[in-house]
Amino acid sequence: MANGNASSDGPGNPLAAVVSTTGGVMGGAPSSAVSTYVKLVLLGLIICISLVGNLVVSLLVLRDRALHKAPYYFLLDLCLADTIRSAVCFPFVLVSIKNGSAWTYSVLSCKVVAFMAVLFCFHAAFMLFCISVTRYMAIAHHRFYSKRMTFWTCVAVVCMVWTLSVAMAFPPVFDVGTYKFIREEDQCIFEHRYFKANDTLGFMLMLAVLILATHVVYMKLLLFEYKHRKMKPVQMVPAISQNWTFHGPGATGQAAANWIAGFGRGPMPPTLLGIRQNLHNQNRRLLGMEEFKAEKQLGRMFYVITLFFLVLWSPYIVACYWRVFVKACTIPHRYLSTTVWMSFAQAGVNPIICFFLNKDLKKGLLAHLPPCCRTPPQLPREPYCVM
């Protein structure tokens, strides 16, 4: 009897296995429900922030004539792309999470959603690279930039960026099994496999080269600003004088005073020649101090946007390279979920950065707020005396 009881309660008993399995499922079900709830809340928050923030920035740029400039046109394009991504791609992710990480639509719709997700990723990379080039031209070659960077030039740049993005995202549509639903990521996206299985390595290299080239341009701009951080010293040109009548590039009003006082003979000296020369040198400057500060502020804002794009996308890019170079690899589910949600958060970060680092957008936002939400202006304090 003892042996019978021991054998019936041993680890090989099927009833014990069923009980242990049921206990494991019951223990894992609450954690899975909590994970699903957290994902839904986070993605819903990302969608709301992205839609509201990007639409507000877009409306401010469209309504304010002072913002009708090349950098704000590019910012408008970025905001509209993030708005479409949040409104079209993210709701399908919400539905797939709600259905237990399953795609309930057709295969064609999955390909369309995956195509749009890859399209917006490459669009942001190409646009940030073009913005970095224009920021460098605005400071290093301001005269050429002010003449050539017109509205139609901006339209041409935007069209070129969208064309290149479509060229990068469209070919996988015809490849069998390239765009598919990835259960671990809860989304339809490019299936990153071993580099000998498909062309995923070429796409990842193109994205990495774009991000690297963008930061190289900003580093070059930083070096240019560092070299030109100090003003050149004024070189004083001495005036010419034979009989106390100073003339030449360095002549000042003292020559006229000497002539009136009786020093020297002859006609009135050209006293303002040196001043005219200085004004001529000032007109030759390519970029004034106020313009330089404005361009530098815009460059700082766009670089922070680029930096956040790198920070939020780099973990997912690392996971993609992991799949490409390691055959039959297993990425930890928690790490992969975190990287995917970081890439989703990138769609709502740009408006926050713009309102924090751009004074013009901040003023435009405060001007359109109701009076109850505005902060009262601080009045200047006048000195007073206590008797």
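We number each residue from 1, going along the chain as drawn.
Placed from the backbone N, Cα and C atoms, the Cβ positions cover glycine too.
In terms of which side of the membrane each occupies, Swiss-Prot places Phe144 together with Leu366.
Only one of Cys110, Cys121, Cys130 is recorded by Swiss-Prot as the disulfide partner of Cys188: Cys110. Per Swiss-Prot, the N-linked glycosylation site annotation among the candidates Asn198, Asn243 falls on Asn198.
Residues 118, 121-122, 125-126, 128-129, 132-133, 135-136, 139-140, 168, 172, 190, 192, 299, 303, 306, 309-310, 313, 317, 320-321, 324 of the same chain sit 6 or more residues outside the transmembrane segment (203-223) yet have a Cβ under 8 Å from a Cβ within it. Each of the disulfide-bonded residues Cys110, Cys188 was scored by how many other Cβ atoms lie within 10 Å of its Cβ, and the smallest score goes to Cys110. Sequence-distant contacts of the transmembrane segment (88-108) (same chain, at least 6 residues past either end, Cβ-Cβ under 8 Å): 36, 39-40, 43-44, 46-47, 50, 116-117, 120, 181, 183-184, 186-188, 344, 347.
The DSSP breakdown of the topological domain 'Cytoplasmic' (133-153) into helical (H, G, I), extended (E, B) and coil residues amounts to 18 helix, 0 strand, 3 coil. Packing against the topological domain 'Cytoplasmic' (133-153) from elsewhere in the chain are residues 68, 70-71, 73-74, 217-218, 220-221, 224-225, 286-287, 291-292, 295-296, 298-299, 302-303: each is 6 or more residues past its ends and has a CB under 8 Å from a CB in it.
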